[in-house]
Amino acid sequence: MDTRPSFDNVEVETHLPLSTSSTDKKPWYRTASAYWLLPMFIIIAITGGLTVATGVQLYLKAVCHNYYSKKHIPGVSFSLEPISPDNLCNNPDVQSVTSKFLAATNLCTAIPAIFVLGPLGTLSDRKGRKRTLLISSGGTILSTLVLIFVSNFLETFGIYCYLIGPLIDGLTGGFYALSEASYAYATDCTHPTRRSVVFGWVQGAMFAGFAVGPIIGAWLVKVTDNLLSVNYVILVVYIILFLFYIFILPESLSKEKLASNLKRQQEIRSRQKSWIHSFLYRILGALLVFRPPQQQNDDDKIPITFATKYSPLMLAACYTLLSASIMAFTGVFVLYTSLVFKWSLLQQGYFVFMMGATKVVVLFIIYPAIVKFKKPILALFTKFEKLIIKGRNNNRQNDNGDNNFITETEEKRGERIVVNDENINDNNVNDSNECKDDDDEQMKKELIFEVWVIRIIFLIDTLAHIMYGFATTGSVFIGATVIAALGIITTPAIKSLQTNLIPPSQIGRLLGAISVIDSILRIVVPPIFDGLYSIFVKTSPHLIWYCMSVLLILAFLFAFGIGPKKQ
């Protein structure tokens, strides 16, 4: 039975399994599948959301204690109880110092991560995805232990020992390495035409967790009256996840694939001229994955070979601009809504929950629906194209009076007409070529469809950010946020396309490079947009949204550099 992908029967795609290893006949609990990731990511996101508010309060209390101790002001002892509204720590001077301390913790994580995430991605290509998952989750366990230990003995160790935890997170990759390895795992066991939807599910699971996490964290602190209670929960959860990775999660790469990936990496390293080149390549070489792809072996072929050679670089530029706009929004919206709409902390909490819930709906319902309608759209496009070809062919036949000739180009587009009896003995060869042509044609239309989705969503996201600037009431701002939630589609769509534009042996390296970009942006973006907002805030604070719109419109323009080669 012929099950190859075909636009004559587009419904075939719905039967593609999430796991590509179904031919191995393994039991389900030993079969790698993207479904392993969804509950895991929800749990990870919930634990990350637990400390959104409580983590800041813990650092605020520690900084407050250190601040007043240096001034020799009695009565400000360090405790693990939540801060009350009339507490001495709630003053501008202490919050200013706390803000600087939080920036230092961010740098302690982001700077080492720039040099670690690339090698971790490459390591996952040659040693398996589980290795990176274990390293990053083990680092989170150690950093959480440090935070708990320092908090319980702050008088002994001092406030700056808190920086050890973020430093461990940075050296082991932290959440970015965990995310990178998870996306690589999903790539290994998902068909190229299904990756964007699966990536959307993974990201939707993350947003669902982040939406619920702060509420659970606030409830835990209220019940226990202890800011560290959420960290004890995080410690237990990550220990369970660590054991899950070791004993339960199946490895997504076979031993043969790992050996093949290792051989290719050794070939690349052998071309390095000196140890300095080799060292720099190991640390920052992951970013070179965005160069125009080169010819690969038959067993390591790029899924989409007909894209323009600069498509990976254009996608990287789009992703960088998109991530920069998201980070800028995160750093500004609390200050902006407090100033312009006079929102309280509770109202801002509701807004964050609504924003996360809207993105979950987009990724779990709207985006899969768009992909589902892709099939009839592509089928109609194919029928329309065939009608044009048929009409053109008839015109040529009438003009030339030759009914026994058909061009090679039209054969590749599905006009399977046998015109000479001499071709009968070559039917098997022709069928094989037609199968390959059908696969290429389907992937080409998949590429065109996803690129246009990315372009349209970037344009919608740009308009939504312009609406932020025009919003004079909170309700209009919320309406713009609902529209902007569609922008989250671009993240899984871009990552999915990127995995289809490089050889399978470099998936970990690619996702490591994406994480390196995120780490660099964590250092660069907040100071830039915080500085811009400090300039605009006195006269025209709404101008900050137009600056973010510029990033998105640039991403929209770069998206036109992605697509199939012109024939």
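Just so it is clear, glycine is given a Cβ too, placed from its N, Cα and C backbone atoms.
Mean pLDDT for the domain 'Major facilitator superfamily (MFS) profile' (41-567) in the predicted structure: 81. For 41-567, the entry in TrEMBL reads domain 'Major facilitator superfamily (MFS) profile'.
Sequence annotations record features per position, and here TrEMBL assigns transmembrane segment to 35-60 (among others). Sequence-distant contacts of the transmembrane segment (35-60) (same chain, six or more residues past either end, CB-CB distance under 8 Å): 18, 80, 82-83, 89, 94-95, 98, 101-102, 105, 147, 151, 162, 175, 178, 182, 185-186, 201-202, 205-214, 216-218, 220-221, 227-228, 230-231, 233-234, 237-238, 241, 244, 249-250.
The list of residues near the transmembrane segment (101-120) in space but at least 6 beyond its ends in sequence, with Cβ under 8 angstroms from a Cβ of it, reads 56, 59, 63, 132, 135-136, 159, 162-163, 166-167, 169-174, 176-177, 180-181, 282-287, 508-509, 512-513, 515-516, 519-520, 522-523, 526. Summarising the annotation, TrEMBL assigns transmembrane segment to 101-120 (among others).
Feature annotation from TrEMBL assigns transmembrane segment to 132-151 (among others). Here the transmembrane segment (132-151) has long-range neighbours at 58, 62, 80, 120-121, 123-124, 157, 161-162, 164-166, 168-169, 171-175, 177-178, 180-182, 184-185, 227-228, 231-232, 234-235, 238-239, 241-242, 245-246, 249, 508, meaning same-chain residues at least 6 beyond its ends whose C-beta is under 8 angstroms from one of its own.
For 157-178 (among others), the entry in TrEMBL reads transmembrane segment. If you look at the transmembrane segment (157-178), the same-chain residues 6 or more away from its ends with a CB under 8 A from one of its CBs are 44, 48, 59, 62-63, 65-66, 101, 104-106, 108-113, 116-117, 120, 132-133, 135-140, 142-144, 146-147, 149-150, 515, 518-519.
Remote same-chain partners of the transmembrane segment (198-220), defined as residues 6 or more beyond its termini with a Cβ less than 8 Å from a stretch Cβ, comprise 18, 34, 37-39, 41-54, 179, 182-183, 186, 190, 229-230, 233, 349, 352-353, 356-357, 359-360, 362-364, 367-368, 488-489, 491-493, 495-496. According to TrEMBL, the feature transmembrane segment maps to 198-220 (among others).
As annotated by TrEMBL, transmembrane segment applies to 232-253 (among others). Residues of the same chain lying 6 or more positions beyond the ends of the transmembrane segment (232-253) and with a Cβ under 8 Å from any Cβ of it are 26, 29-32, 36, 40, 43-44, 47, 50-51, 128-130, 133-134, 137-138, 140-141, 144-145, 148, 184-185, 188-189, 220, 261.
Remote same-chain partners of the transmembrane segment (313-337), defined as residues 6 or more beyond its termini with a Cβ less than 8 Å from a stretch Cβ, comprise 290-292, 343, 347-348, 351, 454, 458, 461, 465, 474, 477, 487, 490-491, 494-495, 497-498, 501, 513-514, 517-518, 521-522, 525-526, 528-530, 533, 537, 541, 544, 547-548, 551-552, 554-555, 558-559, 561-562. Per TrEMBL, transmembrane segment is recorded for 313-337 (among others).
Per TrEMBL, the feature transmembrane segment maps to 349-370 (among others).
The transmembrane segment annotation in TrEMBL covers 466-489 (among others).
Counting only same-chain residues 6+ beyond the ends of the transmembrane segment (510-537), those with a CB under 8 A from a CB of the stretch are 103, 106-107, 109-111, 113-114, 117-122, 124, 173, 176-177, 179-181, 183-184, 187, 284, 286-287, 289-290, 316, 319-320, 323-324, 327-328, 331-332, 335-336, 339, 495, 498-499, 502, 543-544, 547-548. Residues or ranges marked as transmembrane segment by TrEMBL: 510-537 (among others).
For 543-563 (among others), the entry in TrEMBL reads transmembrane segment.
With a cut-off of 8 Å between Cβ atoms, the residues of this chain six or more beyond the transmembrane segment (349-370) that come close are 196-197, 200-201, 203-204, 207-208, 210-211, 214-215, 337, 343, 453, 478, 481-482, 485-486, 488-489, 492.
Within its own chain, the transmembrane segment (466-489) has Cβ neighbours under 8 Å at 200, 203, 207, 322, 337, 341, 343, 347, 351, 354-355, 358-359, 361-363, 366-367, 370, 453, 457-458, 460, 542-546, 548-549, 552, counting only residues six or more beyond its boundaries.
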